[in-house]
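K.L.:
The domain 'Response regulatory' annotation in TrEMBL covers 5-119. The domain 'Sigma-54 factor interaction' feature in TrEMBL is assigned to 144-373. Per TrEMBL, the feature 4-aspartylphosphate maps to Asp54.
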Amino acid sequence: MHQARIILIDDEPAFRTLSCEWLTQEGYQVQTGASLAELTKQLSQFDADLILLDLSLPPHFNPQHTLSALPQLIDRPVIILTGHGERELALEALRQGAWDFLAKPIDPDMLAVVVKRALTKHLLVREIHSLKSDLAPTSALNRLIGASASMNNIRTLVERIAPTDVRVLVTGPSGTGKEVISRAIHDLSNRAQHPFISVHCGAIPAELLESELFGHTKGAFTGADKARQGLLKLADGGTLFLDEIGEMPQAMQIKLLRVLQEGSFYPVGGRNLETIDVRLVSATNADLAEKVRLGEFREDLYYRIKGVNIETCPLDERPEDIALLITHFLAQQAKVEAQAPKHPNSSAFNWFMQQSWPGNVRELKSTLDSVTAIARNGIITLEDIALLYPSASAHHPTTNHHQLPAINTEQTLDAQVKALEISLISQVLATHHNNRTHAAQALGLSRQGLLKKIERYGLSSKGQQ
Ligand SMILES: Nc1ncnc2c1ncn2[C@@H]1O[C@H](COP(=O)(O)OP(=O)(O)OP(=O)(O)O)[C@@H](O)[C@H]1O
């Protein structure tokens, strides 16, 4: 876990210095300030995990004024520091969402215990929220990031067909999320409790594919020193995902067709007919219809596997998804590393928006991974990017074509306005270190208004303020 960050706001300099020392000795990173204005300024640069807050602060020394700021702060624990005779105020602060209060004079041991407890409990609450959202049935859909018309259609299709047993063929260029979509279909289906078995048809040598899929008996061929179940049997009750089905050898295509027609097969070298109940989802980046025309793929198999066709489109054709994917991948990375998410600054963000991504989402993700690995202090800059991609140093932010999505006569005005809104919100959130209060100010929105848009576009990521 990262070193927890605390902001202490109190108007007494001696108290600030002393408490700062105590907390630093406990291993926390601490920043201090004397007023609400300083708190706001610090929050924009220092993503605090906890705030210690005196209620009587300059210039007004009006506790009610401080109390009215509480709703903006309570995304993390706020501990109120109260003076003598301020019990009522402290209770009011608790009603408004403060975590706890400590009465002055503060005992350092008590301070350490209360702070530690608040941070631990806060962390647990966040974990529980995160686990709950991962378990929610809609989370499989939420994993399909994107607000483009194409991604919206895909999500709708996935939701409709997942509970049926219809076969699905996912087509589209490499790295556009065909496997993620296939998994989402499985996770939202009635087979979700059973296995999802993925077979990369092009990666397994033709001579091994049959025994990999159907299994084999002992002694079926040289080296088969014991019987082994095939992937088809392992997928029983669940979903069999045949990736790159266009690369399946012709001999195997006939065998697969038989399984799909009869629901049964013989393991290699075996005489006992095995029956299975699997849902088939296939994917390819090849033009299967063309392969059929060229005689490279069996027409009868093509129609057997096709069922519903879901088609993904290149990332360059849906620039509004880039901003959402960047936010998503950074949040995902932060979760794995149990750290606050890193953020691109404005010019780095623009660079990502302007690139062409022939390798699609996979390429965007790996570029982001490598750039974040070398970024310092939680901020990704154009200089970081230029270390790995030297052409970035010549990058000129005003000549981009993705920052403002290109005018597209095939999309409605609504869709294009949405794309622009997503792009701008993501960028402002990134440049304000995901501080929603400041991003809202920069965009001229109320915080509530911004939160609604974040929710609507699925822009939220764990660990944001
Ligand atoms: N819409 C999306 N939302 C979230 N992650 C995505 C999305 N699309 C792709 N990804 C991520 O991009 C990477 C590539 O996706 P995936 O493997 O599903 O692509 P693919 O189309 O199956 O590629 P290939 O044809 O090369 O097998 C994965 O890390 C995946 O998690």
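Any Cβ shown, glycine's included, is placed from N, Cα and C.
Help me picture these features in the structure, burial and contacts included.
P.N.:
In sequence order, Ile9, Asp10, Asp11, Glu12, Thr66, Ile80, Leu81, Gly83 make up the list of same-chain residues 6 or more apart from Asp54 (4-aspartylphosphate) whose Cβ falls under 8 Å from its Cβ. According to DSSP, Asp54 (4-aspartylphosphate) sits within a strand segment.
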K.L.:
From the DSSP assignment alone, can you count helix, strand and coil residues within the domain 'Response regulatory' (5-119)?
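P.N.:
For that range the per-state counts are 54 helix, 24 strand, 37 coil.
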